[in-house]
Amino acid sequence: MLKCALILILPPPFSAGVLCFSELFFIKEPHDATVMRKEAIILDCQAHGEAPIDVRWLKNGVKVVENERVYLLSNGSLYISEVESRRGDKSDEGFYQCLAQNKYGAILSQKARLTIASISSFAIQPTSIVVTEGSVARFSCKISAHPPPIITWELNRVTLPLATERITVLPSGVLQIHGVQRMDAGNYRCVATNIASRRRSTEATLTVTPAPSPLLPQRPRIIAGPQNISVSLHQSAILECMATGNPRPIISWSRADSKSIDVYNTKVLGNGNLIITDIKPQHGGVYMCRASTPGTRNYTVASANVTVLAPPSLVEWPESLTRPRAGTARFVCQAEGVPTPQITWLKNGEKVHSNGRIKMYNSKLVINQIIPEDDAIYQCQAENEQGSVLSMARLIVVMSEDRPSAPRNIRADTVSSSAILLAWERPLYNSDKVIAYSVHYMKAEGLNNEEYQVVIGNDTTRYIIDDLEPARNYTFYVVAYMPMGASRMSDHVFQHTLEDVPLRAPELSLTSRSPTDIQVSWQPLPDKLSRGRVSTYRLSYRTSAENTVSQMELPGEKTHHLLENLQPDTIYLLRIAAATSVGWGEQSAWTSHRTPKASIPLAPELHLEPLNCTTILARWQLAPRNSAGVLGYRLFYHEESQPENSPVQLRASDNTHIIGGLDPRKKYHVKLLAYNFIGDGYQADQTISTPGCVSVRDRLVPPPPPPHNVYAKTNSSTAVFLHWGRPAFTSSQAVNYTIRCNPVGLQNASLVLYLQTREQSLLVRDLEPNTKYEFAIRLHIDQLSSPWSPVVYQSTFPEAPMLPPSNVKVTLIEEDTALVSWKPPDEPNIAVTHYTILYASRNEWIAGEWQVLQREGTITMALLENLRPGQVYLVKVSASNNMGDGPFSHTAELSVRADLSSDPRNLTALSSSFIAFSDGFYHLDQKSMTGITVGVCIALICIIICAFIIVCRGKNRYLVCLNMATAQFPGVSFLCSDVTFINWRNIFSVLQNMRHGSTSYLPGTTVLTYKEELSPSPDQPTTLQALLRHPSDTEGSSNSEGSHATGDSGRYSHDETEMTNLSSALGTCAYSLSGRELDERVNTPLLNKKLQPAAG
């Protein structure tokens, strides 16, 4: 693709020309990938530009050597036929980049991480616990895996549901059981599954002890509170909160900064856990979980900080330049992300190193005295642990042979503390063709100092630089310009400015270590404020009730002083002044401080340090004698002249905190205090200024102001409407506008869209769907251009998926369990909110009976359980978003081996497998239900017969009843005990139903009544329970149990509920109960909610 660009040969308005060149850029770049061992993988790389283009690959910065297994495809992509996971350099895991080169230079692609699917051993195993009936139980496990595994739990080797009214399984590996019952006792283990393998933890035993009677009131207590977490952008964050108490406490959530909680991306999971899906930067902050006793003021609070990690995105990128030889080129690149990205500059794909001509500072690359070898493609690479992004620009060096010689006899004389007079003589050669001079100056001390440039006319050889800092050394040189190029730079000359009185006094920080002292500390003044070497400080102090001022002078090297022998619980006023050799500066304002009492915590020793232009690190320390009884800290900070924000709640064990999201070049006040059970302690107060991110110098001619009030509104999935205001200045000249449009995080500067218009509005068309764009506008008038307006951001509407999920695979991982995995649809800028999985056996498929599962858009795998042996299953997946549903993938087939016995007697051990996943993970077919029912009924008949033998041994007076039963049901033996009343019609009905493979139990109907109560042994099985749910209930259901929407108040509350999820399995048999037992069980609130006694 051949493009033409307007090239300014000299700084405007001297000369201009047009030069055409062919660019080099990537059409496709590699992306992160996770693959199975021995699986094939293609890492994409396609470059476009003037041929020939040579493509090479780098792994961890080293060139990839091709062989039979690893080689390049014709389009430049890298193909690995069998991915290896051996140790050391022989493993294929690592970071890959492709390098494309043509005659104009070379460019490097973004980094792509290749990871081999794996699952390690459990880092945390569940541990056995003993709890009382009616309380709460919690198990946890932790395992590392790529991709992240699906976590499930098993009770006595039978899978538990993901969520019921009492049971919640968190994706982080935590199992919560509320309202523990005796039936919950048993052995629990954690199961982790991904595409690589499945691992099971060791078993942990839950022992349930009887609850004391009566139950005593208990204050609410959080037994598992939220933990500080860092979550990547668009992932999910889970904040656990599990509390106990009597009565059962109510869980509510709020933010420490009093902002409302996002009700669209946040929901309550289970009985008080908070889950934030599709997390964004605005979700970061401190979240507080509050457990309250209903109807009282008793509560307890736990908090945690959520940090949202974001990959780098460019907010300012370098632009291609054309410069004459011996000129100066400046490239600017700024990126944002969490953690703060590191900026690296590349020249033709290799890292740029600073030297005498080339300097890098902040985010700027400056090349002085350009030589022909500087003609290359330069890339800015922003990188953090979340990813990397690159942007490129080209430097074209224009050659000229007829150049003037360098200016001569450079002299510099100090005029004042901020001005130096620079003088020189004209060049000896071609001095009559000189049209301008360029004066260059920079600080002489330090590394990577920014170089400034001022262009003046050819009618003078003297210039006063009057914006210098006092008491600093500077270096100067001059370059002469003519229409066809620039001269070499002159000799360098050094000169220093004079000292001046300090511009202002330091900011005081006051703390007390005891009731009779004040620790006074201050930060040394920066060079811009000290304006020389501070020789002396003068500290003044007095009480607020007296006018007598005490003063003392301290050496200029000191930054703290301890005032002792003061009065306790007294307000003191302090101020300070600084002096240089020239004189004293102004005194600071009075700062007040009250000496403390001994009953509350004293002020911590607070230290502040700027990490970058938007982040401050706060560190503090408490004296050992002061740390006892401290419950936590409160941190306050606010910008000068702005209202104070809500405090940040910190734990007693914390001693550091990072304050982010600040503005550059602003002064912030930070306060910290410790608190105990009595109240807040004394606060440490300090002030700090954030440094500047970028230093921009004035241009030759003051530019016009940029357009203001830029407004953007999405029109469709491919268009955005822009409107802006014209600056308020009077001019008869016509005004033109340039609109800059590009996706956020664009890596190729050559793909930025520039549009021209004379109107104050424009409809930008042909944009990509579901893409966030940034827009900036500048105006042009009378050959002058304004700066770019502030950037506005707007996202286009998404489109429904056009393609199905790719690479759908179904793998049988156990006899009746399969794992289905897939990859997102292979189309750019597509947003997927959830996936739909349909699966059915061939017979069900013919009948059109598909079973449905749904998974969130961030999950690309699901478990299919309870598959029938000897069946062939068909599976297909589709992707959906808010705009609609996409097509289903091609149907994948799975054959289940027919190795399970169909004998119903072998199914008795599986009676507890009626427990099913509540979100549609598992479903029981009718044949399995019938087989299990028959097996359970046979086992219960055996139990009844054994009971009759024990009770009736030696007693034959009711033999007639046995004869009647034997005559009705030949082949079955019966023994009768002391029976006061036998409803034979009910017994015969039950046994007749057993013969036909189905029974029904009518709660409230007396079957057998014994004279003496028989309490079943704890070791014997109780009533069979199966948790079944309709297949249409999915994880994505907005009204699924365990997920509660929140109100507009931004607070979440989960009312106290009783465990009522007692579900009766179809076809189960009930053994006999005594009349008293039956009455007690039917009259319990638990059974009254679910069971209604049958008439009769």
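Note that Cβ sites are derived from N, Cα and C of the backbone, with glycine treated the same way.
Note that the structure is predicted; figures quoted are calculated from it, not measured.
Listed features, source TrEMBL:
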- 1034-1043: compositional bias 'Polar residues' (COMPBIAS)
- 12-115: domain 'Ig-like' (DOMAIN)
- 120-207: domain 'Ig-like' (DOMAIN)
- 220-307: domain 'Ig-like' (DOMAIN)
- 312-391: domain 'Ig-like' (DOMAIN)
- 406-500: domain 'Fibronectin type-III' (DOMAIN)
- 502-598: domain 'Fibronectin type-III' (DOMAIN)
- 600-699: domain 'Fibronectin type-III' (DOMAIN)
- 706-799: domain 'Fibronectin type-III' (DOMAIN)
- 804-899: domain 'Fibronectin type-III' (DOMAIN)
- 1030-1056: region 'Disordered' (REGION)
- 1-16: signal peptide (SIGNAL)
- 932-952: transmembrane segment (TRANSMEM)
- Note on the structure: Over the domain 'Fibronectin type-III' (600-699) the mean pLDDT stands at 80
- the domain 'Fibronectin type-III' (804-899) versus listed stretches 120-207, 502-598, 600-699: most Cβ pairs under 8 Å: 120-207
- Message: Pairs 6 or more apart in sequence, C-beta under 8 angstroms, 3 or more of them: is that satisfied by the domain 'Fibronectin type-III' (706-799) and the domain 'Ig-like' (120-207)?
- Response: no
- Note on the structure: For the domain 'Fibronectin type-III' (804-899), the DSSP helix/strand/coil residue counts are 5 helix, 53 strand, 38 coil
